[in-house]
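Engineer: I'd like to ask some things about the structure below.
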Amino acid sequence: MHRSLQRGVLVASRRSRRALGGVRWHGGPKVPNDAPTITVTFLQPDKTRKEVQARVGESLLQTAHRNEIDLEGACEGVCACSTCHLIMPQDLYDILPDPSEDEEDMLDMAFGLTDTSRLGCQVIVTKDMEGTEFKMPAATRNFYVDGHKPKPH
Amino acid sequence: MSALLCRVSRLRLQPSVRLSSFIYSLKFDLTHVPSRKTLLVNRKCFSSYKIAIVGSGPAGCYSAKYLKSSLDKQQHRAQIDVIERLPTPFGLVRYGVAPDHPEVKNVQNDFAALFEGTDESMETVNVRFLGNVKVGWDVTVTELRSIYDVVLLAYGCESDRRLILPGSHLPQILSAREFVAWYNGHPDFVHVGEQVSKALQVTAADTVESVRNAHVVVIGHGNVALDCARILAKGGQNLHDTDIASHTFPVIGGGISRISVIGRRGPIQGAFTIKEIRELVRLQREGYGTSFRVSPQELKAGMNESSLQEMEGLAGRPKQRICDLLQKAAASASETSECEKRVDLRFFLKPLRFETKEDDPSRLSAVICEKTALRGEPGRQKAIGTGEYESLYADLVLVSIGYKGTALRGVEPFFDEEIGIVRNRNGKVDHSNDFECGLYVAGWLKRGPSGIIGTNIPDAKDTVASIMQDLQVTKPRVQRAGDIDSILAERKIQVVVWEDYKRLDDYEQTHKRSDNQPREKVVSIKLQLEAALKFY
């Protein structure tokens, strides 16, 4: 923000938006505020359900963040991590456009991968997703035991 | 005087505290202005938990994030101090992630949001960055435990698993961790450049564009090994528009002509992930003048019965995809021309010793390996020597067989020296009554050096759950042996707070060698502190 003010131009840089208390920038389509919305549900890791409004044309990661769903997006939605991993219902998974090779590569690293897993930043909301429930993977793996032994080589 | 006034006015303090701290500051000799942190006073919240997190990498920052949100939800007041040895935060995100993976570093923005804060008086949980503070030297873990309610160790792994073989003392054999730190501009590893330069026999005739005719052998089958191979193949100039440290250009120039990545077991046992393999396969097509080779015989040997079982099911999906990719690469090798540079991904080679040149016993000449075969049950296969040998010519060796944790003073009783982790149960280390302060651990120091940035998410949540469980039955302590700001001020430690780091961050983003690079890293602690603590 400091530098952009020096230039005399309010550059909408990542940092200045945050300093102004704005929402952090995310990779993903720029969808206008008045875009049509549908109702979807997120099944959260603690098994509670949250019903939210999703804007048609935005990514599911953007939907989650706009509605304060606790879905991480470490790389900010540019398909460079697996933290926005969501589990689709089978029938939706079958009709979604195929994931790109890059998305498949990232999914390989996802925690709790399933047969119907997708990255939230790569799935775009469409009207026919009305009423869909997206499941967030639970973090249940127990890594840490006293006397942990590394895998033998 | 005006400098001091400027300094005080820039502090974000409550008005009453600002006045008293200004008066307090006048006690000091103005020619030696104390650390700004002595003038910043913690909010006087007597019922506020004080939490120290040692380390500001992904483990420390995710822990701070989830602790803050858990404490916020339960409306506890707390001060979380993230204490970092270096003036710069974010650990391996800054010094480990490869320069040609800039999008992986986006997570820094998420972490930065923790320290930015808004209006401190509105925050129930305040998170501070205290950089340039070396826990173990400037302040000990024992001291931290006498002034905080919770101490969480998240300082990762600063050492290596060692490969002790005849010849492994040679100066041409380096740890991959140090090599990565060097090309990423880590201030403690600037000296590595000279070692690499000598090993590659770089002369005045070598330009920043020319390919170095040398053999590099990288030992290890993880992503760090593949990153090293890829950076060596691309060379400095091709990475000009990244945040790779400028001091790499005269050393690695236009790249290295021959790079071999070797490991004891097969492709299915490799710890690498497919994205990094794909990048090596694509080097030629993307114009880096580097061909990629993998041996069809070695791939075939990797498809033994146990390995095929390891590829089954959803858990085996990543392995299956890697195998498919490598098979395709092997098959299309005849269609791709040879390039000036080449990366060989080799399997079933176990290094036995390092040979020196006949005419110069101080110089490495080759890595002598024994060929191996896999034996054992799926998930537990071992590499067994076959009695056949191969000699790999080498000018430089990078050993990439794993990072390893070390114990800070005060942590030794809880430290497992063999594995290099702090013994814990769900992140909880010690909660004896001696200290009235629970000790916890998160990240690589907790689970060992494996996983990616995102792996720290469930890890940190696990440790935070343990902390929150303990805090249900623990009130903020009444007796503290002091506070961190006073202790550091007394010891004249130049603390780098978040605003100071932002100054350095800004400096790096405005003093660039190329408009397209994200930043030009400052590679000396002295210069980092100058940029951070400078007052305009």
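Glycine is no exception: its Cβ is also placed from the backbone N, Cα and C atoms.
Keep in mind that TrEMBL annotations are predicted by a computer and have not been checked by a curator.
Just lifted these from TrEMBL, have a look:
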type	residues	note
BINDING	B:Ala59, B:Glu84, B:Leu92, B:Val135, B:Trp444, B:Gly451, B:Ile452, B:Ile453	FAD binding site
BINDING	B:His221, B:Gly222, B:Asn223, B:Val224, B:Arg264, B:Arg265, B:Glu276, B:Gly451	NADP(+) binding site
DOMAIN	B:49-239	domain 'FAD/NAD(P)-binding'
Engineer: Short of 8 angstroms on C-beta distance to chain A, which of the listed binding-site residues (B:Ala59, B:Glu84, B:Val135, B:Arg264, B:Ile452) are there?
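Structural biologist: Of B:Ala59, B:Glu84, B:Val135, B:Arg264, B:Ile452, the entries that lie near chain A are B:Arg264, B:Ile452.
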Engineer: Which has the fewest other CB atoms in a 10 Å radius around its CB: B:Glu84, B:Glu276, the listed binding-site residues?
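Structural biologist: Each of the binding-site residues B:Glu84, B:Glu276 was scored; lowest Cβ tally within 10 Å is B:Glu276.
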Engineer: Out of B:Ala59, B:Ile453, which has the highest number of nearby Cβ atoms, where nearby means within 10 Å of its Cβ, if these are the binding-site residues?
Structural biologist: B:Ala59
Engineer: Nearest to B:Trp444 (FAD binding site) by Cα, among B:His221, B:Gly222, B:Arg264 (binding-site residues)?
Structural biologist: B:Gly222
Engineer: Going by Cα-Cα distance, which of the binding-site residues (B:Gly222, B:Val224, B:Arg264) sits nearest to B:Val135 (FAD binding site)?
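Structural biologist: Comparing Cα positions, the closest of these binding-site residues turns out to be B:Val224.
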Engineer: Show which residues of the chain containing B:Arg264 (NADP(+) binding site), separated from it by at least 6 in sequence, have their CB under 8 Å from its CB.
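Structural biologist: Long-range Cβ contacts: B:Phe348, B:Leu349, B:Lys350, B:Thr372, B:Ala383.
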Engineer: Under DSSP, is B:His221 (NADP(+) binding site) helix, strand or coil?
Structural biologist: coil
Engineer: I'd like to know the mean pLDDT over the domain 'FAD/NAD(P)-binding' (B:49-239).
Structural biologist: 95
Engineer: Reported as an integer number of Å, what is the Cα distance between B:Arg265 (NADP(+) binding site) and B:Gly451 (FAD binding site)?
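Structural biologist: Given the Cα positions, B:Arg265 (NADP(+) binding site) is 19 Å from B:Gly451 (FAD binding site).
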Engineer: Return only the integer: C-alpha distance in Å from B:Ile452 (FAD binding site) to B:His221 (NADP(+) binding site).
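Structural biologist: With distance taken Cα to Cα, B:His221 (NADP(+) binding site) is 15 Å from B:Ile452 (FAD binding site).
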